[in-house]
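Participant: First the structure, then my questions, so here it is.
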Amino acid sequence: MTTEKEMKQIQNEFKERMDEGELLNCMRCGFCLPSCPTYIESGFQETHSPRGRIALMKAVADGMIEPDEDVERSLSLCLGCRACEPVCPSGVKYGQLLEEARDIIHQNKKHSLGERVMRKTAFHELFPHQNRMRSAVSLIGLYQRSGLQTAVRKSGMLRVLPEHLRTMEAVLPDVPKSKDMKHRPRFLPSIGPMKKRVAFFSGCLMDTMFLPTNNATLKLLQLAGCDIVIPPEQACCGALHGHSGEKNTGKELAKQNIAAFEALDVDAVITNAGGCGAFLTEYDHLLKDDPEWSERAAAFVQKLKDFSSVLVELDFHQMDLALETPQVVTYQDSCHLRNVMHTSLEPRQLLKSIKGAEFKEMEKADSCCGSAGIYNIVEVEMSMKILDSKMAAVKATEAILIVTANPGCLLQMKLGIEREGLSGKVRAVHLADLLLEAAGHKTS
């Protein structure tokens, strides 16, 4: 429970740090309401809408209300999907307001011992250190390959876990071997004439748990005519930190990544995870008040592109792409790829170019799936409501292949498939893996 002293400090910092001009930009028109999943799934509660949350932020900053548990609950229930931003006639940067508010609350509130341990372990000891990430993911691999997973499942021990965690265990990808995660290339030449020289942002989860997808992305870029530089000094993007009130750690990771990429002579910096790419894209905002880093951040941001944009730019979709077996395919937008990186047409263009892939657009493909980083772990009830609505839209397309471009979305869609009893009938894949399959190559 937040104390009076803590609430007073939070209120003072809202007044000092929240962007008054941005808060006032909200005209309360309500254009954002139909795009907000939590507003809809909460039964149209105003406090769970972008407009309502901005009103609460403004009221706290003006001293009209205290930043009590109700305010904190409203802000924590937001997915941060930012679907409200493209439809806002005033161009309110809602995501930036939300992250600032969450950071203020986190920095000034006393957390339970369990939460402090969890945050320190995940945000400070694990994600920023790639060697530790590899070790942690290797333990999951050991669990999967040693026979322990089979024994645990047969014993019924998983029944002690909440249902969503049992299902999550069932949909975890097969983890790569430790040696494959350790030995990563620093340079890969184009296959055929070189058209672009690019750098690749590997990510932390993407280069461990989802390593085959990173390998697929690299192979696609090579086939499209890219020389690829992969700087080993790069780090976690900091997205989970920024979204969870760990802004200072996010800034340090941003500086490490800018330093790793800025000296490279490349045409673009490529990402293949919507959540990572979106946070990288906003490094200029994150470091805008730092005189040493603001210009460097702005220069870095200018080079960022999703891999799908580069593939279309290099006419990869004109290649002979085909599936061995004709399949109905649908696409679930990564919220941050669509709403922050403004990349939605290119993935569809690539999918529609695959022979044997009958593309069917699902209803509200641009609406969040409920993953939202760690939201599906900390806000289970709302996340599953949103997922159930999403799976109803998927089933209406009769697709047997759900494609997305973000690891969190991918796991969430696999979770939805498992919950709906569609395992073995429907599969979820990352766009890069499907494209490599369609190009006649195996994902390694």
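For all residues, glycine too, the Cβ spot is worked out from N, Cα and C.
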Participant: Need a hand: Swiss-Prot gives CYS26, CYS29, CYS32 for [4Fe-4S] cluster 1, which of CYS88, CYS204, CYS226 is also on that list?
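Facilitator: Record check against Swiss-Prot: [4Fe-4S] cluster 1 site with CYS26, CYS29, CYS32, extra candidate from CYS88, CYS204, CYS226 is CYS88.
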Participant: Where CYS29 ([4Fe-4S] cluster 1 binding site) and CYS81 ([4Fe-4S] cluster 2 binding site) are concerned, what is their Cα separation in Å, rounded?
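Facilitator: Just about 19 Å between their Cα atoms.
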Participant: With a Cβ cut-off under 8 Å, give me the same-chain residues at least six positions beyond the ends of the domain '4Fe-4S ferredoxin-type 1' (14-46) that come close to it.
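Facilitator: Result: 52, 54-55, 57-58, 60-63, 67, 77-79, 81, 83-84, 86-94, 96-97, 100-101, 104, 367-368, 370, 382, 385-386, 389.
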Participant: For CYS88 ([4Fe-4S] cluster 1 binding site), which of the binding-site residues CYS36, CYS78, CYS81 has the nearest Cα in space?
Facilitator: CYS36
Participant: Including all protein chains displayed, how many Cβ atoms other than that of CYS26 ([4Fe-4S] cluster 1 binding site) lie within 10 Å of its Cβ?
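Facilitator: The answer is 21 other Cβ atoms.
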Participant: Name them in sequence order: residues not among CYS26, CYS29, CYS32, CYS88 whose Cβ is within 8 Å of the mean position of the Cβ atoms defining the [4Fe-4S] cluster 1 site.
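Facilitator: Going along the sequence, the neighbours come out as MET27, ARG28, GLY30, PHE31, PRO50, ARG51, ILE54, CYS84, VAL87, PRO89, SER90, VAL92.
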Participant: If I take the alpha carbons of CYS32 ([4Fe-4S] cluster 1 binding site) and CYS78 ([4Fe-4S] cluster 2 binding site), what is the distance between them in whole Å?
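Facilitator: Just about 13 Å between their Cα atoms.
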